[in-house]
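**Student:** Pulled these from TrEMBL:
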type    : residues                                                       : note
BINDING : GLY172, GLU173, SER174, GLY175, ALA176, GLY177, LYS178, THR179 : ATP binding site
COILED  : 943-1044                                                       : coiled coil
DOMAIN  : 79-763                                                         : domain 'Myosin motor'
DOMAIN  : 1270-1524                                                      : domain 'Dilute'
REGION  : 643-665                                                        : region 'Actin-binding'
Amino acid sequence: MATATPLDAFVKGTKAWFADAEEGWMQGTMKASSISDKVVKLTFTLESGKDIFFESTMDKLATSKFADLPPLKNPPMLEGIDDLSNLSYLHEPAVLHNVKLRYSQQQIYTYSGIVLIAMNPFAKLDLYSPDVMREYSGKRRGELEPHLFAVAEEAYRALIRNGKNQSVIVSGESGAGKTVSAKFIMRYFAIVDDLDKKAAISKTSDIEEAVLATNPILESFGNAKTTRNDNSSRFGKYIEIIFSKGKNVKITGAKIRTYLLERSRLIYQPATERNYHIFYQMCAAVPAAEKKQLGLGKWSDYFYLTQGNAGTILGTDDAAEFAITQQSLSTCGISVSNQWDIFKVCAALLHLGNIKISGTSDAQISDDDPALEQASSLLEIDKSDFKKWIIKKQIITRSEKIVTNMNVSQAGTVRDSVAKFIYSMLFDWLVKIINKNLIKDDDPSAQFIGVLDIFGFEHFEKNSFEQFCINYANEKLQQEFNQHVFKLDQEEYVKERISWSFIDFNDNQPCIDLIEGKLGILDLLDEESRLPSGADKSLITKYYQRFGIPTQKFFEKPRFGQTAFTVKHYAVDVTYEIDGFIDKNKDTVSDEHLACLNLSKMPLLTEICTIEASVESNIDLARAPTSRAPKKPTLGSIFKQSLVSLMSTLRSTEVHYIRCLKPNMAKVSFGFEPQMVLAQLRACGVLETIRISCAGYPSRWTFQEFADRYFLLVKSNLWAVDPKDLTKSIVTAVITKDDLYQIGITKIFFRAGQLAFLEKRRSEKLRECVILIQKNMKRHIYSHQYEQMKRAAVSIQTAFRGYRARKMYKQEREKRAVTKLQAAFRRHLAQSQYQKSLNAVLYMQALLRTAKYKNTLVSTRRHAAAIRIQKVFRGSQERKLYKIQQGQIVLLQACIRKRKAVAELKHLKAESKSVGKLKEVNYKLESKVVELSQAVKSRAEEVDALLEKVSLLESNLASWKEKFTRVDQGTKGNAEKLAEANSNLKAELAASETNKNVLQKENDRINNLLKKKDAEIENLTAESAKYKEESIKYKEEMLKLREDIKNNASRPSVVAAPGGVSAALDSAAGVPGVEDPAVVAALRKEIASLREQMSRLIAGKWTRDRVADSLLAVSNAETTAASARPTVGSSMNQHMQMEVQAAIAARPRPISVNDFAVPLERGSRSMISKRSSTQELPPDYDSASNVDHILNVLQDKALEDEIIDALVTNLRIPLPSTQTVATKKEIFFPAHLVGVCMTQLLRNNLGVRMQLLLPNAMNAIQNLTMKFEDDYVSAFWLSNCFELLCVVRTIQEREVREQQRRRTQGLQNDMDSANPEKALEQIRSDLDILLMDIYLGWIKELKKRLANMIVPAVIENQSLPGYICKQSGGIWGKWGKSATSSQFTIEQLLNFLSKLSKTMRCYYMEDSMTRQILTELLRVIGVSAFNHILVRKNFCTWKRGVQIQYNVSRLEEWCTTHGIAEATLHLQQLLQAAKLLTLNKTSPQDIETIFDVSDFDSPLSPELLKIVANRAMLNEKSDTLLLDLDLAPEFTKPSTHSVEYIDKFIPAWISLPNIATITSNN
């Protein structure tokens, strides 16, 4: 294959562009070519009929890389495209033609990559209404037509999503529409969050109204009419719109920065131009009284307003604008008195311009000059001093001050300088006051969106200092823009992982260095301005000497004259006149005038001068901190400093660009001047952006889009299912050079022109196919015509013969019909008469039967009422008798069961003692024989230590006896006090009686609970019998082991341990072993702890025998207690409580919380009291009683009942609401209160109690949540379970730190119940299981509810009224199901998801769990809807595909707005299926066919179906078609975190007395 060259595209009929002086570029069509190995000759015909010839050599073309060839026109597909970067031939004429074409179609906005090009229509268009704003709200860039609202939306959403500050740069020349564009952008930001609310446009906040009100103020004081624009901004401004942080983003303030106000406009205006608007508004609208006070007249009376001779603007009412200005000033917080002070200053400036300066050599001003008197009066300054320093100047030398006269010209300059100075300071003061009122809290970290409305590149016939500063600013902005575009292109290439080389672009940094560099144009200007003898001529001489050298490529000296210089800017070379540079750069007033103004009695004027002084001092300190005398800043230095600050701000933000273009000079609606637009495109940098893009790969398509359009360029056997593979096949077959394209990860990139080449090949291929189809269709038509003529002859013969036969048949048929009609009419008359008689008879019978049945019904009702009364009376009597008998029977049963239970308890205690001893011996033999044999010596040392401790205790005992004696003597003297205490005890007795009644009620409740659990206890009793048999076996084994131990006791190693195992066994068996009471007490305590460990081991081994374990724990506790044997009544209460605990523990649970459910009885209290009795008595008796009260509350069964009943089962859960959002402590207080109880239990060494309390509470939570009555119950407890898990982790970490501290201090752990770390770890494990059970159960319940909504809402719901299709065919038609309505709509489905999301947010559910729940539900929606489409062939229509695609887009929009964009991945299969239904439906003929068929597409031919079936068999890799609905991802538990503070908050509406007691002493 020959190597392709760009010349291959130049064939006959090819269209190209040629430069034209008027139109910019003109289109030509190639009609002839002559291409040889050396010479190339091309002939084109322009649209005007003129022929153009192109000649060149192959060597020249190869040297320039064929860049000299005429630029080609883009294919028709790309004409009028909304993004210039998508053009195949991306060059200047293509851009100009596309912009012109769109503008002629009244499409004023066009994208050019990241830039939005805005053409001024010079007409009012309905493009900025609230409805249009609402359309662009929430849409991504590119979804709708280009618009400045799309740019504003992109910046606003980026601010919310990324939290990074944004900037929107609006630039362009005067009259291009910059100010209007910036105004609409600010209005969009002000109301964007309220667009979805009704009537929200007119109800903006005060701060938003103040932000919008800044526009009329700045326009009045900073805008003026020019030859190009009636409302031209004569300054640059950067408005930072500050937004609040958080979910509800609102405008909280704004900050305005201004740049380079055109001061010279105040004193001079060219022809047809005006001064600033505020002066004309005052002359037209100030009331008569105030106008007389200000001395105002018509605008034509003032010199500063008449130079342009344009006092009015067509279509503008200055009086109405003045009212708007006043209203805006009030909105921004400027009082009415300050407003009139501002107007006084403006009126004084007009009078300053009318001051008459006369004289021949020296300037003179009359003392009676009315303008001078009026200006001095309004400014409240000394008239003589002000007049003196207008016509005189003072020169300060080292030794004296010299006052000299000035001529008329110099005096006029001084007068104008003062006016410019005052107006400039007034403008800056207004901006300062506006900023002060717009910024309530100056937060440096606040997020903002900046809108930069700045002047565009200016190039006039005569350019001065203002144009130089404006073009300098545009140079800086263009450099920032080029670097931004270059960076985006490179990031795109890196992201797609394609091989690319560095793109070179024109960097204008040398031009910027020429202006702002060291000893640059600005530095030399400032240096010359500070010299007393500085002049424009000496300045231009320095410029020629410094920059007029061959190495400086961006500065040029004119050929003629010595008063100008040329700077080669990026857009065009601009020549600047040096005249006035130094005066405009200084632009300051004399110190004498400044002092005169500072002495003014007008507060506003002195405040303005103070602003000027502070600004000068700040700039001087910033520029020269080491200089001795401060220097006045020049206008150039001020502008340079503000520009540096602006560039720094823009670099810290994400920038968006809007380039405004002025299409014609005459301001004609939709008039287009190509040369003018082309110059602006070059000046605004759009063409430079295009040049950067052309240097790389400007055309980029996704694989799917490219394959869908160009698949026909390869043979059908190369068509692959994967779009990427098909794309590779196409480009490999069509494009020969590899460097003309690059294949990335998701896109394919082309060099400039390749897309047009592919379009050409596609058109040729289509033309060949069309010719082939035409040939076969013509053959088919002629063959069909012959067959029709043949069939027509036969049909004519058949028709004539049929006509004759039908005529004879018709006559016979009419005769028979007449006969049948007569018979039918006679039958009808007879039948009617019979039917009337029958109806009359039936009516009479019905009346008689009705009367009879009414009488029967009345008597029946009376009889039934009497029977009911008798039944109710007899029933009440029988129920009373039954209740009396039932109470007596229950009492009798209770007494009998009580006696049996006491006997059974005694019997079980005896057995448990022997079993416990057996287990104790077994445990010691297995785990401590080896250990004790190695610790003989250590035991001896411990015995010695114990003996010393005994002696110490004996001495303490003696001291206590002495104390007791003294206390006893004191007691005898306190008999009277005891009498008084007796009365107090009686009062306490009465209170105890009340408590007794409460306890009696609680006892009745427990008895009722025991009655319900009798059946379960009987089953447990059977299991207990099995345990008794096993205990007998253990007794026998224990006797054998005891004998073995006694035999081992004769060994020396064992005998040498006087306090060892044998002593412990003897004491446990009741045999005296050790006579020392201290040793006995210590060993008994050790035996009790070992017995406790054995009971836990047995409970782990025999998990089914719950009753026996409970009784064993009670027996062990009672064995170690120091109190006497309980009475029969107390034993009965203990037995009842044990049965309740055993019944609760026997309830089946799917989690493992029963492992630590060991009951805690009153024996534990005795153990605690025994342990605490060895400690020293506290000094305060009340404190000790308080501690004992806390212990009683912690051990009381009422605490557990309160947690389960009041805090879990019967808790009134706060309902979710967006109006009154509950705080975190109001949601998480159950978890935190349980955590407080756990902390107190661990602090008081009640670990066993905690192991019982927590599992029962988790049981209650599980039983409550597994009902799934309401979503808010599941969400509330799912959040609280996770919070409780975090609280337990915090407690566990505290416990670890406490254990480490105790070990460091050498203390021992008093926890005799269990290892707290192990218990807390088990509780965390159980909470994990409970959390997963609640999550999985709730998900399953939500899926059940969602299953009924998916198909009606997503598949059957038809939200688009223009695409309604009917359900026809099959059983759907028989059922008569409506096509336009379904059981559920897409809005109801979205409301369901939104309500669920709001519920989880209101209960502060962990974000990862919320995302998992919503993502799983959206996966179920996508899978169910997709599977339903596959099995419903009557839904496979184009209209149905459009409806489904719209519903899916609603779901995707919901996901994006709720921050779960990843969930949209589960909707891709459904979206692709919907798109398949709408393929190849693009032509008008197809749409007409769809609406004719109405419901279903045209059926496919059998041949086409056969081809599709063969293709499907070749491409099908799996026989699985439906998606797996049950293939759900596993639940990922969120990682727990430590809780900083366990809150003790208890809501006021809940009664928790026991928990309140605990929290009050925590």
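Even glycines carry a Cβ here, placed using N, Cα and C.
Note that the coordinates shown come from a computational prediction; the quantities given were computed from them, not determined experimentally.
Explain the structural surroundings of these features, please.
**Tutor:** With DSSP states grouped into helix (H, G, I), strand (E, B) and coil, the region 'Actin-binding' (643-665) comes out at 9 helix, 8 strand, 6 coil.
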**Student:** What else in the chain is close to the region 'Actin-binding' (643-665), if you only count residues 6 or more beyond its ends and a Cβ gap under 8 Å?
**Tutor:** 99, 103, 112, 114-120, 122, 148, 151, 154-155, 158, 162, 164-178, 181, 228, 238, 257, 259, 450, 452, 456, 472-473, 476, 480-481, 484, 671-673, 676-677, 680-681, 684-686
**Student:** Return the average pLDDT for the coiled coil (943-1044) as a whole number.
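**Tutor:** Mean pLDDT, the coiled coil (943-1044): 68.
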**Student:** Return the count of C-beta atoms lying within 10 angstroms of the C-beta of SER174 (ATP binding site), excluding that atom itself.
**Tutor:** 18
**Student:** In sequence order, what residues of the same chain, 6+ apart, have a Cβ less than 8 Å from the Cβ of GLY172 (ATP binding site)?
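**Tutor:** Sequence-distant Cβ neighbours: ALA118, LYS178, GLY456, ARG659, CYS660, LEU661, LYS662, GLN680, CYS684.
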**Student:** Looking only at Cβ atoms, how many others are within 10 Å of the one on GLU173 (ATP binding site)?
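**Tutor:** There are 23 such Cβ atoms around GLU173 (ATP binding site).
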**Student:** Taking the center of the Cβ atoms of GLY172, GLU173, SER174, GLY175, ALA176, GLY177, LYS178, THR179 at the recorded ATP site, which other residues in this chain have a Cβ no more than 8 Å from that point?
**Tutor:** ASN120, ARG228, ASN229, SER232, SER233, GLY456, CYS660, LYS662
**Student:** What number of additional C-beta atoms lies within 10 angstroms of the C-beta atom of GLY177 (ATP binding site)?
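**Tutor:** If we count other Cβ atoms within 10 Å of GLY177 (ATP binding site), we arrive at 24.
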